[in-house]
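Engineer: Just dropping this structure here.
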Amino acid sequence: MRAAGQLLRACSQTWKSVRMASTGVERRKPLENKVALVTASTDGIGLAIARRLAQDGAHVVVSSRKQENVDRTVATLQGEGLSVTGTVCHVGKAEDRERLVAMAVNLHGGVDILVSNAAVNPFFGNIIDATEEVWDKILHVNVKATVLMTKAVVPEMEKRGGGSVLIVSSVGAYHPFPNLGPYNVSKTALLGLTKNLAVELAPRNIRVNCLAPGLIKTNFSQVLWMDKARKEYMKESLRIRRLGNPEDCAGIVSFLCSEDASYITGETVVVGGGTASRL
């Protein structure tokens with residue numbers, strides 16, 4: 001009888017766990033009370049990441065170059081019961097980077113997580129035709145500003161005993177997208193930046209990892225998929241024969257920023273449907 005009772009209790013507990021997992025009741029929050037900054041987070045991949053980090057318990061500060069985008073996103077995510085605030089931030093401007101960090105510190109006491117997602121691409125064509133102005137803009141925002149944004153949060157992370165930086169690169173770093181040469185080059189640079197920062201920041205208990213999304217269906221990438229013939233050609237190169245969704249990137253970012261990934265640093269994870277991804 002005693003054994004039967006123990007078995008019944010075990011079955012009951014197992015069923016309770018399954019039911020909680022399927023309904024979302026008491027969902028585990030691996031980022032509980034962490035403070036996360038996500039740049040370029042009012043649309044596409046950045047928005048999906050911001051939402052997931054908040055769902056996993058983080059206090060998230062979103063940002064965009066336009067106030068109306070920030071206001072809309074904050075209202076939407078707060079309406080979902082998430083702890084989200086936001087501010088305007090052009091990552092290429094020092095005063096904007098400082099304001100973003102200051103908001104997190106003033107509202108939540110510090111910074112634990114940085115997701116560096118901001119990027120630009122003002123050029124489509126042969127790489128040899130890209131002007132010096134194009135190169136300067138792309139490298140300034142996509143690479144230099146990523147370094148400076150990281151530099152801005154490191155002192156705050158140190159005060160809290162460490163942190164996690166997640167840099168968003170692209171599968172174009174490995175397998176160049178056609179007609180996006182300067183953009184591809186900037187994203188390849190981020191792979192090296194991730195490795196260097198990981199080595200230098202490890203003694204401060206700050207981990208640095210990288211996400212390389214493949215062809216994800218966003219407004220930013222529409223030049224690659226709006227044309228039906230090009231879209232089908234791109235899909236043929238994938239093992240998983242579909243375009244990715246922003247949400248496909250969000251879970252892995254949350255994992256890399258959590259304690260579950262505490263022994264992972266300097267790595268790049270490709271979310272690309274099987275796209276070739278080796279330098």
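Glycine residues also receive a Cβ, built from the backbone N, Cα and C atoms like all the rest.
As annotated in Swiss-Prot:
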BINDING   37-61, K187  NADP(+) binding site
MOD_RES   K93  N6-succinyllysine
BINDING   S170  substrate binding site
ACT_SITE  Y183  active site, proton acceptor
MOD_RES   K217  N6-succinyllysine
MOD_RES   S221  phosphoserine
MOD_RES   K228  N6-succinyllysine
MOD_RES   K235  N6-succinyllysine
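Relative to the rest of the structure, where do these features sit?
Structural biologist: For the recorded site, I45 (NADP(+) binding site), the DSSP three-state label reads helix. Other C-beta atoms found within 10 angstroms of the C-beta of I45 (NADP(+) binding site) number 29, with every protein chain shown included.
The C-beta environment of K93 (N6-succinyllysine), restricted to residues of the same chain at least 6 apart in sequence and closer than 8 Å, is empty.
Note on S170 (substrate binding site): other Cβ atoms within 10 Å of its Cβ, all shown chains, come to 29.
Cβ neighbours of Y183 (active site, proton acceptor) (same chain, under 8 Å, six or more residues apart in sequence): A119, N121, F123, I138, N142, S170, G172, F177. Mapped onto three states, the DSSP output places Y183 (active site, proton acceptor) in helix.
Of all Cβ atoms in the shown protein chains, 17 besides its own fall within 10 Å of the Cβ of K217 (N6-succinyllysine).
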Engineer: Say we define neighbours as other CB atoms within 10 Å of the CB. Which of the binding-site residues L37, L53, G57, V61 has the fewest?
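Structural biologist: Among the binding-site residues L37, L53, G57, V61, the sparsest Cβ neighbourhood within 10 Å belongs to G57.
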Engineer: I'm trying to understand the geometry here, so how far is the Cα atom of L53 (NADP(+) binding site) from the Cα atom of K217 (N6-succinyllysine), in Å to the nearest whole number?
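Structural biologist: Rounded to the nearest whole number, the Cα-Cα distance is 20 Å.
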